[in-house]
């Protein structure tokens, strides 16, 4: 059962001037596919996801740029990745129980979509975009900064997260003048707990494969396998 938008506004600590933006942020495309008549009044949150993704990326980049003045580009990229990855954004969404407020089709509902990390992360991005359109960038920054700060503080001993994708890209571009490409080759498990399998290639050569609970995690695992193979002279499977 979906909970009320007014309740979510109170949970977020935000009063929207245009509550329709928040309604849109919580409208999954599957709901409109099932309830065609609602398209007269509602849009899906896909466009808001696009905008929210860009806003979150920018604010995360700005924070780590200011926080770590001596860090190089690779380190800054790794810190930013820790803040914007699917698992992190899904965790932010869970703090506010966002999944309980999303409009979903019955099929998505029965498959456990409200707990799916990808859906939670996408919804969080859409809510951020709605807040930006309603109140501007400063309001978004005020809302996001404590979440980002808590995430950075939670990293073990402030250890820099390893971004294997960035490491692999730098190496392959330097050695072969091409950019590694990632391809999803399998998805298994239940809808609410999927496992992705991804391979990474340089041109036609497969460098490695990896598995994970999200495409991002699987890509990182594939990049790590590729680096291990390149350094050890083995197949990256």
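Any Cβ shown, glycine's included, is placed from N, Cα and C.
Copied over from Swiss-Prot:
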ACT_SITE  53  active site
ACT_SITE  125  active site
BINDING   49, 122, 125  Mg(2+) binding site
COMPBIAS  185-208  compositional bias 'Basic and acidic residues'
DOMAIN    5-136  domain 'RNase III'
DOMAIN    163-232  domain 'DRBM'
REGION    185-237  region 'Disordered'
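Annotated pair residue 122 (Mg(2+) binding site) and residue 53 (active site), C-alpha to C-alpha distance, rounded: 8 Å.
Counting other CB atoms no more than 10 Å from each candidate's CB, the recorded positions 53, 122 peak at 122. Here the Cα atom of residue 49 (Mg(2+) binding site) is found 5 Å from that of residue 125 (active site). Annotation for the recorded positions 49, 125: lowest Cβ count within 10 Å of the residue's own Cβ, 49. Per-class residue totals from DSSP over the compositional bias 'Basic and acidic residues' (185-208), listed helix then strand then coil: 0 helix, 16 strand, 8 coil. Model confidence over the domain 'DRBM' (163-232) stands at 90, taken as the mean pLDDT rounded to a whole number.
For the Mg(2+) site, the Cβ centre of 49, 122, 125 serves as reference, and the other residues of the chain with Cβ at most 8 Å from it are 45, 46, 48, 50, 52, 53, 121, 123, 124, 126, 129.
In terms of DSSP secondary structure, the domain 'RNase III' (5-136) contains 101 helix, 2 strand, 29 coil.
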